Amino acid sequence: MSAPRVSFVSLGCPKALVDSERIITGLRSEGYEISRKHDGADLVIVNTCGFLDSARDESLEAIGLALNENGKVIVTGCLGAEPDVIRERHPNVLAITGPQAYESVMNAVHEVAPPAHDPFVDLVPPQGVKLTPRHYAYLKISEGCSNRCSFCIIPALRGDLVSRPINEVLREAEKLVQAGVKEILVISQDTSAYGLDIKYQEAMWQDRTVRTKFLDLSRELGEMGVWVRMHYVYPYPHVDEVIPLMAEGKILPYLDIPFQHASPAVLKNMRRPAHQEKTSRRIQAWRETCPDLAVRSTFIVGYPGETEEDFQMLLDWLDEAKIERAGCFKYEAVKGAKANDLGLEQVPEEVKEARWHRFMAKQQQISTNLLKKKVGKRLPVIIDEANGTIGKGRTRYDAPEIDGSVHISSRRPLRVGDIVTVKIEASDAYDLHGTAV
């Protein structure tokens, strides 16, 4: 009996990508083959995103495409929390499950295409199946979020914070390193809250006691000899404790912190920490401890009630903080979000668009000036793409897909996953250019 074949579509954020990796690992362990095409597969699984309207539309379109090309479709992920929305558009899907419903997905697969077990074939590597390139991997440390930001529905979709035991997380990280991963990207909905839900429970790791806590996790990962990058860090005071580890080179001098805005009025409406001056002082203090620190953040413009004065405050804050990387989103109403019930005046779409362009122009200017300062330096760069002696990679200050790149020329052939020293010879708004030495 030939092995059943499953085609897979993974949409959304890195957290959803890790969910997809877990499902695919389960499928491979039961003997299923993963098909690159819908046509010819026994069924298709679509892992959806349901956070923004644009993401919902993309998910519904992907489901429709899978139905057209295959006909047997199982839907999971965040949009799966709203089965009526999916059934209304696509009544012929076989099964719908919400996020993190791994067993339900596997049960649905078993009903459509029962597994063909082959106990003599080892189909799954020890670290599980990864959908990222071999040299980096996402490490998800928790599920859900206990914050109640008014623009967000993640707690409704994924529940409150549930931290994974620290010894389990460290075992997974160790397997990744043993498999050749050179960079671990720590992700969750709220990385700095890690362990709060279980009162920083202690566990044994390599004959010593460690706490399920952001600091302990950072310290232990920092001993594994690979790049460790922290994402989705909420700006709690105890983040300060991790900065010395960055200064010591234990983990990368990189913090991904979604500040969202700088106006106290807007932040209050968002139900976010509303102390932009305090935030600026903390960034300054972090840089005093770790001068090499790169800060990435995301912001929302056009939030209900945002005035021109509020927006100008955000631009002024960018000028003052001079963070290395910043993404910006135009506010989009999310079904079920508290922001819809605040009774605030909506910002016209053309004003949102104009503010977005002004924000991006400001940050581009800041980025250009900061990158110029790296010209002439020699920096370690991890290679993401290689074609003979030409390649593209990233410095310690840049995460994959969302940040800038280093365009490299070399006398010797470059290999994906290698970390090479590059002399930076030129820069532009977002990228660097240099020669491997």
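Heads up, the Cβ atoms here are built off N, Cα and C, so glycines get one too.
The [4Fe-4S] cluster 1 binding site annotation in Swiss-Prot covers CYS13, CYS49, CYS78. Taking Cβ-Cβ distances under 8 Å and a sequence gap of 6 or more within the same chain, the neighbours of CYS49 ([4Fe-4S] cluster 1 binding site) are LEU11, GLY12, CYS13, ALA16, ALA55, ARG56, GLU58, SER59, GLY77, CYS78, LEU79.
Under the three-state DSSP scheme, CYS152 ([4Fe-4S] cluster 2 binding site) falls in the coil class. Annotated [4Fe-4S] cluster 2 binding site per Swiss-Prot: CYS145, CYS149, CYS152, in sequence order.
Model confidence over the domain 'MTTase N-terminal' (4-114) stands at 91, taken as the mean pLDDT rounded to a whole number. Positions annotated as domain 'MTTase N-terminal' by Swiss-Prot: 4-114.
Look at Swiss-Prot and you will find 131-369 tagged as domain 'Radical SAM core'.
The domain 'TRAM' annotation in Swiss-Prot covers 372-437.
Put plainly, the binding-site residues CYS13, CYS78 were compared by Cβ crowding within 10 Å, and the winner is CYS78. Other C-beta atoms found within 10 angstroms of the C-beta of CYS145 ([4Fe-4S] cluster 2 binding site) number 22, with every protein chain shown included. Most other Cβ atoms within 10 A: among the binding-site residues CYS149, CYS152, that distinction falls to CYS152.
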